[in-house]
Amino acid sequence: MDLQRGFVFLSLVLSFMIIETTAYRERQLLLLQPPQETAIDTANAVVTVQDRGLKTRRPEHKNAYATMMYMGTPRDYEFYVATRVLIRSLRSLHVEADLVVIASLDVPLRWVQTLEEEDGAKVVRVENVDNPYRRQTNFNSRFKLTLNKLYAWALSDYDRVVMLDADNLFLKKADELFQCGRFCAVFINPCIFHTGLFVLQPSVEVFKDMLHELQVGRKNPDGADQGFLVSYFSDLLDQPLFSPPSNGSVLNGHLRLPLGYQMDASYFYLKLRWNIPCGPNSVITFPGAVWLKPWYWWSWPVLPLGFSWHEQRRATIGYSAEMPLVIIQAMFYLGIIVVTRLARPNITKLCYRRSDRNLTTIQAGFKLIALLSVVAAYIFPFFTIPHTIHPLIGWSLYLMASFALSSISINTLLLPTLPVLTPWLGILGTLLVMAFPWYPDGVVRALSVFAYAFCCAPFVWVSFRKITSHLQVLIEKEVLFPRLGDSGVTSGFSKLY
């Protein structure tokens, strides 16, 4: 197969994957188009809430678990999936409370309908709260709309509300939280409480006062809900620890919640087990880097608890939205493997004139393309695999995709098989080392991964050297670059002038 056909083959492969990935993302973006009927005046919407509170449709219980959704980030779909899993997991625990989603007006109606009709949530639509801290020098734009969480105080249909972030993982029922006082939260940080879960007593007056504090510029270190609420409830650290009364009575005032209601996942990674004696071990939270949230398939086995979240998803909403694309990609990659093994396309006999002064540049460029094709084989699949698929499926598809794309480089560019696949074997080994379930603690696990990576590094370097030296040998022997007029050159091959 000549140069032209080889590049056509590579172009078809990459074009198909780009089209499929773009089509999948466009299907998600179609869901993100804001409904036209929600274009209402912001000031009027907030005034209405201040006057009447947020009313849910046919409240069934006196208490509620609530979470929020808003648009405008690159990860809107992922957080929508996380919200669905949270709602479904609470339903599966048979909590005695309504499940409320505080959704901004630009959340797609299709998502709202799914939350209401399939997941059993009560969705209330709100206008985004304007964030006056967005011009702070340390402000992170992903926190721009987190002040929508303040709407929880306007849920006047309920006596108590447990406000939740979407990245909470419930291990068991926690309805005793509704016995807590007017405001209760967990101190993950010794001095700063965490707003991923807190209990509140709805009050329109408190909601009005919070909006007033926003207008006058109350101090807010991070410009998000966390900094504002820590400033607003600055005395919480001095309050007693919550212990639910055995008679079911409801407490008053402000209280600190035991750590078991907001167990930071990083504590688990130290011991690889939970051992928090103060309070029930009920809820896991995943603060930290957004790209390592548990719903991303690559978060496991890097972070072991990601698998627990995906098992909860598998038992609730499943993966039907992502599976069609996964099947298409798997069949496509399998086809690439078969075709490259049977047809063995290769770019050979790239001809040049004996007097060409740019030969060195051409050869260097060709070596660079060959090396980039190997690197791309391991990077490109990360952008095509659906982000929220189960880790076992995600990593299996990644290994298949990287193997298939590597086989194109091996057969098309005449590269040595083992050196090209050395990173593939290294990645597989890393996954097995990280997923090993019998480590005594997280320190031993981390040291094992480090030792494995240390041992693998020389093999990767040797493989890189072998690939570059092999390319140089091919060029020197004129396997890839025979001169015009040599007997091995036929008129059907491409020529460089």
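Backbone N, Cα and C define each Cβ position, glycine as well.
These figures come from a predicted structure and were not determined experimentally.
Among the features that Swiss-Prot reports, transmembrane segment is placed at 3-23 (among others).
The feature site 'Important for catalytic activity' is assigned by Swiss-Prot to K149, with similarity to another entry given as support. Classification of K149 (site 'Important for catalytic activity') by DSSP places it within a helix.
Annotated Mn(2+) binding site per Swiss-Prot: D165, D167, in sequence order, evidence recorded as similarity to another entry. Reduced to three states, the DSSP call for D167 (Mn(2+) binding site) is coil. Here the Cβ of D167 (Mn(2+) binding site) has 23 other Cβ atoms within 10 Å, regardless of which shown protein chain they belong to.
The annotation transmembrane segment is assigned in Swiss-Prot to 319-339 (among others) on the grounds of sequence analysis.
Per Swiss-Prot, transmembrane segment is recorded for 365-385 (among others).
Remote same-chain partners of the transmembrane segment (388-408), defined as residues 6 or more beyond its termini with a Cβ less than 8 Å from a stretch Cβ, comprise 9-10, 13, 77-78, 81, 295-301, 306-307, 310, 313-314, 319, 322, 326, 329-330, 333-334, 336-337, 340-341, 373-374, 376-378, 380-382, 420-421, 424, 427-428, 431. What Swiss-Prot lists as transmembrane segment is 388-408 (among others), and the listing cites sequence analysis.
Here Swiss-Prot flags 418-438 (among others) as transmembrane segment, drawing on sequence analysis.
Under 8 Å from some Cβ of the transmembrane segment (442-462) lie the Cβ atoms of residues 268-272, 419, 422-423, 426, 429-430, 433-434, 436, all in the same chain and six or more residues away from its ends. Summarising the annotation, Swiss-Prot assigns transmembrane segment to 442-462 (among others).
Cα of K149 (site 'Important for catalytic activity') to Cα of D165 (Mn(2+) binding site): a span of 9 Å. Over all protein chains present, the Cβ of D165 (Mn(2+) binding site) has 23 other Cβ atoms lying within 10 Å.
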